[in-house]
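**Student:** Attaching a single structure in structure tokens format; questions to follow.
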Amino acid sequence: MATFDKQQLRSPATPAKERIPIYKQQLRSPATTPGKDMIPTTPTREITWQSQAMAAMVARTPTNATPPRSRSARQRHEAKSEDVVARTTRELEHASGEVARALRTERAAAYASTGNFEEALADLAAALALSKNGVRASIHFQRAEVLAKQERPEEAIQAYSACLAENPAHARAAYRRAACRNPLDARAADDYEAALALDATPDTGAPSPSLQRRLSLRLGVDAYAAKLEENAAKGQFRAHFDRAYAYDAANDLPNAISEYTAAIDVLPRHALAWYNRGICRQRQGDAAAALDDFTHAIQRAEASKNYPIADFYHNRAFCKRKLADFSGAIDDYSSALTRDPSHFKALYNRAFCLDALGQREAALCDYEAALVVEPGHASALHNKGVVLEKLGRLEDAVEAFDAAVDCGLVPGADYHHARGTNARHRGDHAAAVAAFSAALKLDPHHRTARANRAYARRKIGDFVGARRDYGKALADAPTAKLYNARAYCSAKLEKFDAAVADYTEALRLDPANAHALHNRGISYDRLGRDDEAARDFERALEIEGQ
């Protein structure tokens with residue numbers, strides 16, 4: 001008798017669901033070995049560049065990375081800063097008032113440029129105590145920059161707010177506060193809106209000072225991207241992009257898409273705006289629109305080495321998989337792997353698509369390759385076990401399932417269902433019943449597990465339990481196969497009236513089912529209804545003859 005034994009794979013690894021901030025373009029080399037940064041959710045590694053003494057606070061978790069300097073250049077920079085510290089320290093011995101304030105802020109900048117942040121903050125606190133209203137905003141801003149470098153975003157936000165309280169027209173403070181707020185709350189969008197308004201000055205032939213300073217915000221883009229931003233300054237691409245990012249972080253997808261669209265209108269060549277809009281559309285469930293955006297992102301990024309092309313292909317492939325274009329998805333996953341052979345998610349998801357197309361051996365190879373990249377990935381081990389089972393390698397499948405649990409997989413309903421199916425294939429129907437029961441305990445609505453437990457119970461002669469399971473399965477999804485199966489159990493229990501009723505329902509759904517006709521004929525015969533039995537036998541023979 002046919003049963004429902006389709007294995008339930010764990011859902012494929014999801015694509016990167018986070019947008020890429022514009023400053024994140026320092027990419028992982030394809031030769032990167034597996035480690036704690038392997039295949040992050042966001043398709044780039046987060047790096048903050050500090051090419052000026054007071055670098056910007058970035059929107060996501062920054063690191064202490066600095067732009068590469070030659071040893072001699074670094075030594076010259078440190079020596080210069082040390083000279084500034086020594087000179088200002090000497091002069092402070094005899095200074096007071098505004099002179100002392102200026103010396104304190106100068107020394108604070110020198111301290112900050114060499115990573116002596118606490119000393120810088122101490123000098124800035126002293127400078128605030130000495131300052132008059134006209135210069136307090138700049139000191140608050142400088143203090144906020146140091147706090148941001150120390151990864152103290154809440155305190156940095158307070159300092160930027162103090163700067164804006166002193167000088168509401170300080171556009172850089174509005175941008176920086178928004179950058180700090182991006183990972184913390186939804187108010188970042190308001191700051192970007194204020195910064196947009198502050199920068200909306202008439203074009204007099206020269207960019208406003210805030211636009212000239214724009215390139216110092218959240219440094220990390222390469223020279224090409226920096227040039228594009230400079231060219232797009234009048235259209236305020238960065239402000240639209242960052243505001244979109246803030247909406248995106250707050251999960252306000254419609255507004256994020258609107259702002260990414262505005263950024264694209266200003267600078268259509270910028271791949272990340274297309275890519276991030278695609279991520280938003282994908283999260284909205286619009287796979288077709290997301291696919292189109294990822295295609296635009298790929299076309300614009302191919303000419304540069306500074307974009308995560310492998311991730312672009314991976315996300316487009318995932319959209320194709322959602323649209324049931326498994327062959328197209330495999331092509332894109334392969335393109336991602338050409339650019340980054342250790343791309344775990346591309347290997348994992350290509351394996352899923354290969355399995356969906358029945359290419360089991362190729363799927364197994366990809367799961368094994370993915371496990372070389374991330375040896376302890378529980379879901380990959382589980383799915384490898386499912387593929388091994390489909391290939392008939394039952395003992396190997398059991399080992400893979402057990403390894404998945406050893407690697408931290410919490411045994412869920414699908415795990416127990418897979419173990420039950422494996423036991424059934426090995427002929428151990430009692431073990432299959434136990435495994436399917438464990439699956440149903442975790443998920444009482446697991447239809448496949450219930451139907452398979454009914455089959456396993458029938459095989460060990462538990463027709464009462466099997467009939468009960470078939471009844472619950474029929475309540476969820478009435479099919480001819482399930483009616484036929486429950487009728488068989490009723491007949492084995494000599495409940496022939498119930499058997500006739502179920503066989504009749506099966507034939508209503510599948511009139512040419514010779515098996516149901518034959519068995520209903522037997523049930524009629526046991527009930528003494530000879531004429532009806534004869535008609536069913538004749539009809540069954542006629543169908544079989546045809």
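Glycine residues also receive a Cβ, built from the backbone N, Cα and C atoms like all the rest.
Just so you know, TrEMBL annotations never went through curation; they're auto-generated.
Heads up, here are the entries from TrEMBL:
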- 1-11: compositional bias 'Polar residues' (COMPBIAS)
- 1-42: region 'Disordered' (REGION)
- 61-83: region 'Disordered' (REGION)
- 237-270: repeat 'TPR' (REPEAT)
- 310-343: repeat 'TPR' (REPEAT)
- 413-446: repeat 'TPR' (REPEAT)
- 480-513: repeat 'TPR' (REPEAT)
**Student:** Go through the chain and flag residues at least 6 beyond the ends of the repeat 'TPR' (480-513) whose CB is under 8 A from any CB in it; none is fine as an answer.
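**Tutor:** Counting only partners 6 or more residues beyond its ends, the repeat 'TPR' (480-513) has Cβ contacts under 8 Å with 1-2, 451, 454-455, 458, 463-464, 466-467, 470-471, 473-474, 519-520, 522-524, 526-527, 543.
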**Student:** Would you mind giving the whole-number mean pLDDT across the repeat 'TPR' (480-513)?
**Tutor:** 94
**Student:** Taking DSSP states H, G and I as helix and E and B as strand, how many residues of the repeat 'TPR' (413-446) are helix, strand and coil?
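**Tutor:** Counts, helix then strand then coil: 27 helix, 0 strand, 7 coil.
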